[in-house]
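Q: Let me begin by handing over the structure; questions about it come next.
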Amino acid sequence: FCLMAAPGKVAAFRLPPLPTIGEIIKLFRLKALKQLSQNFLLDLRLTDKIVKQAGELKNAHVCEVGPGPGGITRSILSTGVEQLLLIEKDARFIPGLQMLSEAAPGKVHIVHGDILTYKMEKAFPKHLKKNWEDDPPDIHIIGNLPFSVSTPLIIKWLENVSKRDGPFVYGRTQMTLTFQKEVGERLTANPGSNQRSRLSIMAQHLCTVENCFVIPGQAFVPKPEVDVAVVHFTPLVQPKIQQPFELVEKVVQSVFQFRRKYCFRGIETLFPENGRLKRTEQLMMTANVDPTLRPFQLSMSQFRNLCNAYRKMCDEDPSLFVFNYREELRQKKTTRSLLGSTGQPEQTEEENQM
């Protein structure tokens, strides 16, 4: 690699001449696998634009998730990062990434592994750690994620944010990731929006979430049926709901269980059949939430009130938190079938929806 700089200016990192991403794909006979929901981004202007959303990367430590043939990887290296960790599950891409590694000696570390199981808390040098209250550390996670992994992965990382573990043991590590456009809209949806969902609350109560821009599907190879959103996350110093991740997730999932019905219908699923109505009314009164609002109309402060009130009820009756509505439905169904279906009611609408 060469370092070129005008007198008096900081040297900028330049990759030596390399085959284009298209040539790399031909050279190593790479093909996007539909079953892995892979899509390649070949336009380096777009990969540069994605990387720009991450902010200042000069001398930073970056983890790129699922680099594939290495388009975004080149854009990251061109910013002059200190270290770049590549985590790639598909062995077919490793030779092409090794070519990039050789072009940037000492900068790139390639891991052939699954990001869902990779231990991120050991991924970066300890000296980069910052206090949670400080500015974010000089660590960034960037990735053009396969659609099949993007939602489970962001939920896992949001749980890591809540517990300050995984990549967040270093502080408020920032993330710049791609999602299906619809998922990007859910992540950033405001109260009242039809896209408002469980994902909106879980992301926004823990992070500042910014929908940066949309990449048209035709920019990818092969072209997906949807457009792609680039979303930037910065963990908040204080979460908007100060309760354990599992409790918030349970309340939010329950509320959105029946998203087209009044919110009290979903909240009922937090409680066993015996005393369900009374406890639902008690929770909604304590939280001061109108039971006739639809789930997508609830504000963050209303979700916070619901979580706080539910926590209080769980503290008073610990069996509440382990109650599982789906399990109750299954048991009722099993009991019915054991008794014989004669004279028994048909499956309820709730069971069908579950």
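Just so it is clear, glycine is given a Cβ too, placed from its N, Cα and C backbone atoms.
Sharing the features that TrEMBL gives for it:
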type	residues	note
BINDING	Asn39, Leu41, Gly66, Glu88, Asp114, Asn144	S-adenosyl-L-methionine binding site
COMPBIAS	336-346	compositional bias 'Polar residues'
DOMAIN	46-237	domain 'Ribosomal RNA adenine methylase transferase N-terminal'
REGION	334-354	region 'Disordered'
Q: Highest Cβ count within 10 Å among the binding-site residues Asn39, Asn144: which residue is it?
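A: By the 10 Å Cβ neighbour count, Asn144 comes out on top.
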Q: Once near-sequence residues are set aside, which residues in the chain of Leu41 (S-adenosyl-L-methionine binding site), 6 or more away, have Cβ atoms under 8 Å from its Cβ?
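A: In sequence order, Thr47, Ile50, Gly71, Ile72, Asn144, Ile215, Ala219, Phe220, Val221 meet the Cβ cut-off.
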Q: Look at the binding-site residues Glu88, Asp114 and tell me which residue has the greatest number of other C-beta atoms within 10 angstroms of its C-beta.
A: Glu88
Q: Rounded to a whole angstrom, what is the largest C-alpha distance between any two of the residues Asn39, Leu41, Gly66, Glu88, Asp114, Asn144 that the record assigns to S-adenosyl-L-methionine?
A: 21
